[in-house]
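Asker: Sharing a structure, written as structure tokens. Questions coming.
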Amino acid sequence: MARTMAAAWPPLLLTLLELSWPPPGTGDIIVQAPTQVPGFLGDSVTLPCYLQVPGMEETHVSQLTWSRHGESGSMAVFHQTQGPNYSEPKRLEFVAARLGTELRDASLRMFGLRVEDEGNYTCLFVTFPQGSRSVDIWLRVLAKPQNTAEVQKVQLTGKPVPVARCVSTGGRPPAHITWHSDLGGMPNTSQAPGFLSGTVTVTSLWILVPSSQVDGKSVTCKVEHESFEKPQLLTVNLTVYYPPEVSISGYDNNWYLSQNEATLTCDARSNPEPTGYNWSTTMGPLPPFAVAQGAQLLIRPVDKPINTTFICNVTNALGARQAELTVQVKEGPPSEPSGMSSNIIIFLILGIVILLTLLGIGVYFYRSRCSREFLWCHHLSPSSEEHASASANGYISYSDVSREASSSQDPQTEGTR
């Protein structure tokens, strides 16, 4: 049946088919190319395609062909004798193929990359005697987005409002935006067509309830895209406008007539900054001993006790707020407790105990020494004691002595007799 079909085919077609069939026993050739190539919108991109011939294999390449899936005809052809032919000569170019050279490199360069260029392309080598070999390459068209982040200045509203805005403009595919914040809140993200066809602009808002504690704090917008080596981080410092928050410091509840000048300070937080400070009392203007100096109030020494409530009123562009503080100036500091302090008494007691202990030890050693000396003297001079006893009483008395003492004195006694 195969011979019947072959007989029915035209001779020229049979010749072409024979050229495309590899002879038995020949080594296989390989077309090498990446499965996907990225390119940026408006730039040029190269679709690499190479013919790998094994060992000593003899291969003759007669033609290189590029085509796109879904389209009829070829977009670029390079013939071994006729040279290149392009469907769009100003946008296409063979990178290495030249007349008179071995056609092993079919890489194709595309200029002015457009969104519609994205697709699947086929690189084809027509060889002899191995036949045709091809490979498919996916061209991915990217657009690198431009990213910005800005603060949304707000006032105290009591309800959630956008406080920061992050925009990724003209990305293909759309960028992915996330937020990082320790202040709470939630994102609101939307997409819209970009300025260039096929691109997308992503806008993300960070929403929370504004407060004075949020003012000056920061949130971070994180933008991720295929064209970035790493995510882009954009930090936004928040701005919340609010009227002054006021307090008075400097009074320690321990002021007396004898002390030096004292100072009260009006502490105010606001955005925008305070524009004025006004000091007064609940009774009206300041007394003579109080002198206002901007955010400070100087209290001069007084000669009589006072009990006054001072008021500090602070204003800014959004309004005014005030704080009150009652100050008492007393006759004098509390008197020190009579007598010695407990610490001094404790040290004195410890000193006395140590002294008595040392005296006791000294007396003990002194008496012990005297006892030893008395016994020694008594043993050496018994006659003196006897003489003293006879002189005092008018008669002679003999005292007992130890054998050792008697024996030591015998020679002397005998000699005397």
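Our numbering is plain: 1 for the first residue shown, then up by one each step along the chain.
Glycine is no exception: its Cβ is also placed from the backbone N, Cα and C atoms.
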Asker: What is the disulfide partner of Cys49 among Cys123, Cys166, as given in Swiss-Prot?
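Answerer: Answer per the record: Cys123.
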Asker: When you check Swiss-Prot, which of Cys166, Cys312 turns out to share a disulphide bond with Cys221?
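Answerer: Disulfide partner per Swiss-Prot record: Cys166.
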Asker: Mind tallying the domain 'Ig-like C2-type 1' (145-237) by DSSP state, helix then strand then coil?
Answerer: 0 helix, 55 strand, 38 coil
Asker: Using DSSP, what's the helix, strand and coil tally for the domain 'Ig-like C2-type 2' (244-328)?
Answerer: 0 helix, 54 strand, 31 coil
Asker: What is the interatomic distance between the Cα atoms of Asn313 (N-linked glycosylation site) and Asn278 (N-linked glycosylation site), given in whole Å?
Answerer: 5
